[in-house]
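Student: Below are the features I grabbed from TrEMBL:
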DOMAIN    25-79  domain 'Pre-mRNA processing factor 4 (PRP4)-like'
REGION    71-94  region 'Disordered'
COMPBIAS  71-91  compositional bias 'Acidic residues'
REPEAT    201-243  repeat 'WD'
REPEAT    247-280  repeat 'WD'
REPEAT    290-331  repeat 'WD'
REPEAT    332-366  repeat 'WD'
REPEAT    415-432  repeat 'WD'
REPEAT    442-476  repeat 'WD'
Amino acid sequence: MAQTFAPVVNDRGKTDRQISLLIPTDDQEVRSELRKLGEPITLFGEGKAERRERLVRLVSERKHTNFEFAEVQDDSMDSDEEDEGEEEEEFYTPGDDALLEARKDILAYSIDRAMQRVDKQRKVSASYNFAQVLRHRRNINSQLKQFEPQGSFTVKGNTRALNGVRINSSNSLVACSSWDGHVTIFKRDTQESISQAVRSKPGYHTEKATLAWSPSESTTLASAGAEGTLNIWRVDDGSLTNTYRRDNAHSGRIARTEFHPSGKYLATTSFDLTWKLWDVLRPEKEILEQEGHAKEVFACSFHPDGSLLATGGLDAIGHIWDLRSGRTIATLEGHIQGIYSMDWSPNGYHLASGSADCSVKIWDMRKAHGAELFSIPAHTKIVSDVRFVQNTHSSPLAQPVADENEENTQTLDVSGTYLATSSYDGTVKLWSSDNWLHVKSLVGHTDKVMSVDVGKDASCIVSCGWDRTIRLWGKV
């Protein structure tokens, strides 16, 4: 309820103390009452406390009109606030049977994945040796410091900046998207070399294409563009076949496409202020259209269990959505400019977000409402992409390490041990997870770095940028 304070004639026997108790304490209200009395709102060097004392003194000195401040309801303001409250109230819309079945499927899938992840973490915790883990992390950081450029590659026929790059689940193909609307597939010939295999034909996207590989099928790819079209592709023997095309998937530019860990579902974020969830096998119509951001939705990332989706927008706000219930379970507030990228750590409780405020923030889902754990002053310009090293069954970076007694030699997991970030400042940077220390800056691009990805064996990093090149980075 909106309230203002109006002076009314009252008992002349009021003491200064009683008058003081009736004077409002809010500085804006004090200023308003001074204005009503025809007095200066503020004097040179006057603070809030001094300003209120002056109002008390002025009221006390007016012998013939001793004032009491009575609360009076402002009907017009109250009406406006009620309308605003109604606008901000959460609302839910009915879902169809397809959405219900998808939620049930995601629930069953996520329970199984969560059990596997927690069981793995229990085993690690039971045999945890601090000295051994410390040696393991130092060994990985030592190898990351040896990462250098291994090759620079251009896209034949490309005319604009390269804005997205991703490595497939089998580590054999690299997909790259361009602002000219094309998608290009590269084949990894060796650890240090890639060769262009196929490029999409004109007409599928007008500009600013984005892409994502399916985690379950290494030859399935999704792409989208500024015109709002969604395409699903299959890569076979050097050919790129369009298996599905959905025009007007969004009414605005599609900024990101991201596959669910099961490979069955696909999320898209858009400049139309919504994100959508699609069934890959039945993409004729989205199974969910979700509002919630005040500005364009840019980033998204699925939780490794498949239960949650993180979205980030140009409103500088992140949301965590529970796909099993449809509710938002956390709002991530901390960035001061738009969020351009997000990625979950394979540990399941750390989420990284990159922003135009040049920082990378780490959010901890174990804390209430996903509280901010750490803020990395990562770059000097926009952070365009953030990528954790994901689950790796075997990696050249994993070396046998012993405990403090030089016994019990083990080869520990590399998953989640480092984070790669790219930026408009022209660099790719590597960060040690948990302590979030800077390990290495990869310098080679001559302009903005638009995207970065980490190979599935953790030993290769690929990036692309405004200079229209794809660059490979690895241990020399």
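Yeah, the Cβs are placed from backbone N, Cα and C, and that goes for glycine too.
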Student: For the repeat 'WD' (442-476), DSSP counts of helix, strand and coil?
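Tutor: With helix first, then strand, then coil, the repeat 'WD' (442-476) has 0 helix, 21 strand, 14 coil.
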Student: Can you name the far-off residues of the same chain, 6+ from the ends of the repeat 'WD' (247-280), with a Cβ under 8 Å from a Cβ of it?
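Tutor: Beyond its ends, the repeat 'WD' (247-280) has Cβ neighbours at 98, 102, 105-106, 109, 113, 208, 210-217, 220, 222-230, 232, 286-291, 293-306, 309, 311, 313, 323.
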Student: For the repeat 'WD' (290-331), give me same-chain residues lying six or more residues beyond its boundaries with a C-beta closer than 8 angstroms to one of its C-beta atoms, as numbers and ranges.
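Tutor: Tertiary neighbours of the repeat 'WD' (290-331) are 92, 95, 103, 106-107, 109-110, 113-114, 117, 252-253, 255-256, 258-262, 267, 269-271, 273-277, 337-344, 346, 348, 351, 353-355, 357, 363, 365, 369-370, 390-391.
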Student: Which sequence positions outside the repeat 'WD' (332-366), separated from its termini by at least 6 residues, show Cβ-Cβ distances below 8 Å to it?
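Tutor: Same-chain contacts beyond the ends: 114, 117, 121, 295-296, 298-305, 310-320, 372-388, 390-391, 415-416, 419, 421, 423, 431, 433, 436.
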